[in-house]
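Colleague: Sharing a structure here in structure tokens format.
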Amino acid sequence: MGAGGRMPVPNTKLEGGKKNPIERVPHTTPPFTLGQIKKAIPPHCFKRSLLRSFSYVVHDLFFASLFYYVATSYFHLLPHPLSYFAWPLYWIFQGCVSTGVWVIAHECGHHAFSDHQWVDDIVGLVLHSALLVPYFSWKYSHRRHHSNTGSIERDEVFVPKPKSQMAWYSKYLNNPPGRVLSLVVTLSLGWPLYLAFNVSGRPYDRFACHYDPYGPIYSDRERLQIFISDAGIFLMTFVLYQLAAAKGLAWVVCVYGVPLLIVNGFLVLITYLQHTHPALPHYDSSEWDWLRGALSTVDRDYGVLNKVFHNITDTHVVHHLFSTMPHYNAMEATKAVNPLMGDYYRFDGTPIVKAMWREAKECLYVEPDDEAPNKGVFWYRNKF
């Protein structure tokens, strides 16, 4: 840290001319408009194909069914020690492909699945409810996240706090054991805690919960859909109860529960790393505007999982700019806009485990630079 607690800005280039992934993204008004970005993208990228979108649903559900069939039909035939290896493999594979299902439901919430809103909502409601996600509830809060990305006052989730608002115990977790504990809790419980108690979400003047139709997150015209979301969760919970009664709780945990924990962990990890990065600014109301906020995101590389997760991982910047674009066109669009956006686009190829640890270490709270002419631009800090 430099004088006054300011984080020094790394060199712009690394060896070979590559951009340093933790060099700060420009925070000034971009020299391009959203319309110019859109013109740089081939028009067909914005077209949604119902048939192609459903092909990804069929693809993911086929593999999910295949993994389920193999596990329930053959694992009990394995010699006893081998089952200790077979079940973890099932959990990982099923968790990964189910995360892809989650991503498709997320696309439905953005009306990126088809040209028909009712089709998107039915498909999204079924897929998200199967993963115990309240579809409409999250659709509306997530839409507000897209409308307010990068705002420390109005963003809906992963809202960083100024140092003065950090919990008293935060400094005691600013060490390797504390970071391990924080990451374990965040990845295992972060998603249900956010849905139920708005943990890490935007502060409201009263209790906020994604299951409460009358909570402060939702408007009067949205309340009926929140009841429908709750009904979907109730129905899925009832199905799981009946399965537990027929097959046993251990069976439900092994076949469904552990893969769901992996889905939830990936969901939190992906969204955390998309919006938490040493190079990304946040803004208060004196500086924030929609385009700069949307650009305050980062694309990451999850290797082969990029395809399994339908590229939500490495095309997130363009997704924030054009959220109704189907995922299967987002990579082409990303490549098309990179030359125009230049330093305003950020891709970080740091291995995910290393990046997760770095962000947990470096990105604890936000503060403006001491010598900045205005105090509306906030950057991550880690010194207490």
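Here the Cβ of each residue, glycine as well, is placed from N, Cα and C on the backbone.
Pulled from TrEMBL, these are the listed features:
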type: REGION; residues: 1-22; note: region 'Disordered'
type: DOMAIN; residues: 25-61; note: domain 'Fatty acid desaturase N-terminal'
type: TRANSMEM; residues: 56-77; note: transmembrane segment
type: DOMAIN; residues: 86-345; note: domain 'Fatty acid desaturase'
type: TRANSMEM; residues: 89-106; note: transmembrane segment
type: TRANSMEM; residues: 180-197; note: transmembrane segment
type: TRANSMEM; residues: 224-243; note: transmembrane segment
type: TRANSMEM; residues: 249-273; note: transmembrane segment
Colleague: Which residues of the same chain, at least 6 past either end of the transmembrane segment (249-273), have a Cβ under 8 Å from a Cβ in it?
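Modeller: Apart from its flanks, the transmembrane segment (249-273) reaches 68, 71-72, 87, 90-92, 94-96, 98-99, 102, 131-132, 157-158, 186-188, 190-192, 240, 243, 298, 300, 302, 309, 312-313, 352, 355-356, 359.
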Colleague: What does the DSSP secondary structure composition of the domain 'Fatty acid desaturase N-terminal' (25-61) look like, as residue counts for helix, strand and coil?
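Modeller: Reading the DSSP string over the domain 'Fatty acid desaturase N-terminal' (25-61) gives 23 helix, 0 strand, 14 coil.
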Colleague: Do at least three CB pairs under 8 A connect the transmembrane segment (224-243) and the transmembrane segment (89-106), leaving out pairs fewer than 6 apart in sequence?
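Modeller: Output no: the transmembrane segment (89-106) is apart from the transmembrane segment (224-243).
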